[in-house]
Structure formats: C-alpha cells, structure tokens
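*Asks:* Before I ask anything, here is the structure I am working with.
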Amino acid sequence: MLSSQPLFLGTVTCLVLTFVLSVTSLPADAEKGRRKVVHVLEDDTGAVIVQTAPGKVITHRGGSITLPCRYHHEPESSDPNRIRIKWTKVTDALVFEDVFVALGLQQRVFGLYRGRVSLEQNGPGDASVIIHNVTLEDYGRYECEVTNDMEDDTGFVNLDLEGVVFPYYPRVGRYKLNYHQAEDVCKEQDAILASHAQLHKAWLEGLDWCNAGWLEDGSVQYPISHPRDQCGRKDTPAGVRNYGYRHKEDERYDAFCFTSNLNGKVYFLKRFKKVNYAEAVKACLRDSSMVAKVGQLYAAWKIQLLDRCEAGWLEDASIRYPIVNPRTRCGGPQPGVRHLGFPDLKFRLYGVYCFRKNQENVNVDVVKLTQRQGKSSKDIPMNTTSTRTI
C-alpha cells in the first residue's frame, strides 16, 4: 500500500513516499519473496516515479529493518542542508514518541532508540532509517515527516514482528488483571501485550481460547476457532470476539501477550530426581542459566521447535511443557504449550526448563554496563514523548 500527498506552495513541491504494512489473512509463506511496483504521479506535469518495495515491513526481535521513506522536491537545486527529516512512533492513543531527526549533516536519536537508529542514505531523496537490534517495544506505527523550509509532508510505515501470541493469567487466578497489571505480567514473561492484528493472525493459525484478555490498545478480546456454548454460543461463527474498549483501572481480565525471537536457548534440565521450585531455581543457576519465562518457552516452541513431553517449572512457578508433534500421553491431539497450573511450590513432582543467553549477548551486556558506569547522568539517554491533537 502506498501513501502519498503532494503539497504545492509557490514553486516547491514536496512529496513523501512511504510503504505501509497492511494486515492480511494470507499465510506468511505466501507473502515471502513477493514484490510490488508502485507508480506515483509526481505532479501535474505528468512525471512518474517508479519504486519497488517489499510487500511487508517485517522482522524479528534482534534483527535489523529498514523503514522506507523517499521524498522528491522541486527545484532539484534545493539545498539538501535545509531538508529536515523526522521520525516518530505513533501509538493508538495518539501519543507521538520522538525517534530520529536530521537537518543536513546534523542528526539526533532519542530515548531507547539511541545507538540503534541511523539514516539509510541510499542516494538523494532517501529519508529511510534503519533500526538495528529490534526490540518487542519497536513494534508499531511510525511517521516519516520531511520538511523543506515552510513546506512539509508525512507518511506512515507499520513495523511488524514475527513471533507468537499466548494467553496468560497469573498464579492468583483468572480475570484478576487490570490493563496496567496485564502490561506488567507480559513484560515479566519476556513479552508485550499483543495487538489486535497479532491476535487475529494467531486465530487464523488456529488459536482457540475461551477467556477474554487485554490487548495493547485497551480492548478486551478472545479468539474462538471452534464455537461452543460455553464460549459465546455454539451457533455463532468462529472469529475474534471483541468486548470493546474497557476501563483500564477498574475492570479485570486475563492478558494476551506477544513475544518474538530468543537471544538464547530454552532447554529441559536433565536430572535424576524431581525438584521443588526453590531447587529448580538453584539447579538452573548451577548450570549457568536461569529458570525460563513463559514467553521464552512459547518462543522456543514456536520458533525453535522445542518439543519435550516432560512437565517442568517456569519462572512464574507454573508447570508447562512444549509439544510440536502431538502423541499419545503428551496432552492431546494438537500442538502447543501444555499448562498444568500453579502447584504448591514445595512439590517435588517436576523438572525445570532453563534459559541460557547467547554468549555474544552476555558480552554485549557487560560492555553496555561498563559504558553506562563511565557516563555522567546527563549523558544517559532519556525517552521522550509528546501528545498531539489530530
């Protein structure tokens, strides 16, 4: 999809071209490798610009991605040092978070994007930026704004991530989380609140869950692949059921979380005897690891195809195990992460799933910590947000 709005003021035309992600129900493998040609009418002289762009702007956690944005201005002899490029991230609440700004040779990166965002600089008229070491929080919609003196134009790019959606509720039980608590529990399990688009994609892939949960936009929804009376009536069609936007402080539901690629490995720790929760924590530590989080186990199951028919402790003191190839006595005919609940912490009935970071990431964490300790507090990057009325 292409968004373009030429703006005519005096003798100058400023045009921003952005390639925008569109959510479709096509399988992911059907989209890979597809390219489209975008024809853009530049102005009333009949000149035509032809660009090629990937069908989707999509990556995974830890990867690098280009957010494409091109512009054209008249006359061609305009001073490039007077062109201002600004990127911001837009949330559903219309809060704009500064990401990057450039004016001529001067550039500035903001907040958590510092050290990770740079201009692509692929010839004249290129306002694209590259995001390195993509995080879960980078998911979302971005605005590219190009300004030439008093004229400006904007376009939008959606950044999507490959990953997995999973339902979550804490040890205290179901329907115990307000919106902010749902955000927190997802982060604690190496995830973020899922978007509607992510939940819809998971439903297309077969996710069926009969408990409503918060999404990142403040709505409450749940996916039903097999309609039944206890889940909104058997005679209603399959789909993502939507309760609409709910009160973020007062109302309580579960959460739908989203996570992506791991920067390490989840594994079942082989032991001769079962362990209680405290012993499980110590066992992982002795193996130079830590007890795996729920999001890490889901990512290992979905992306790394971890398949283990043995129940084990996780960091939230739940008992789960991942099944890629369903088989007898391994929890039913469907693949998935089996959940056996939250048993007494003293029970010695289970093993443990551990998580070990990749060594290069451990080294990078040490370097970053050393660099931060050498900086003054005024040099520490701050995250800046602003609110606009549209």
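From the backbone N, Cα and C atoms, a Cβ is placed for every residue, glycine too.
Bear in mind that TrEMBL entries carry predicted annotations, made automatically and left uncurated.
This is the feature table in TrEMBL:
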- CYS210-CYS231: disulfide bond (DISULFID)
- CYS309-CYS330: disulfide bond (DISULFID)
- 47-160: domain 'Ig-like' (DOMAIN)
- 164-259: domain 'Link' (DOMAIN)
- 264-356: domain 'Link' (DOMAIN)
- 1-30: signal peptide (SIGNAL)
*Asks:* Quick check for the class: what is the C-alpha distance, in angstrom and rounded, between CYS210 (disulfide bond) and CYS330 (disulfide bond)?
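*Replies:* Taking the Cα atoms only, CYS210 (disulfide bond) lies 22 Å from CYS330 (disulfide bond).
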*Asks:* What is the separation, in Å, between the Cα atoms of CYS231 (disulfide bond) and CYS330 (disulfide bond)?
*Replies:* 25
*Asks:* Which residue counts does DSSP give the domain 'Link' (264-356) for helix, strand and coil?
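*Replies:* Counting residues per DSSP class in the domain 'Link' (264-356), I get 19 helix, 26 strand, 48 coil.
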*Asks:* Can you give the mean pLDDT for the domain 'Link' (164-259), rounded to a whole number?
*Replies:* 96
*Asks:* Could you break down the residues of the domain 'Ig-like' (47-160) into DSSP helix, strand and coil, giving a count for each?
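*Replies:* Grouping H, G, I as helix and E, B as strand yields 9 helix, 64 strand, 41 coil.
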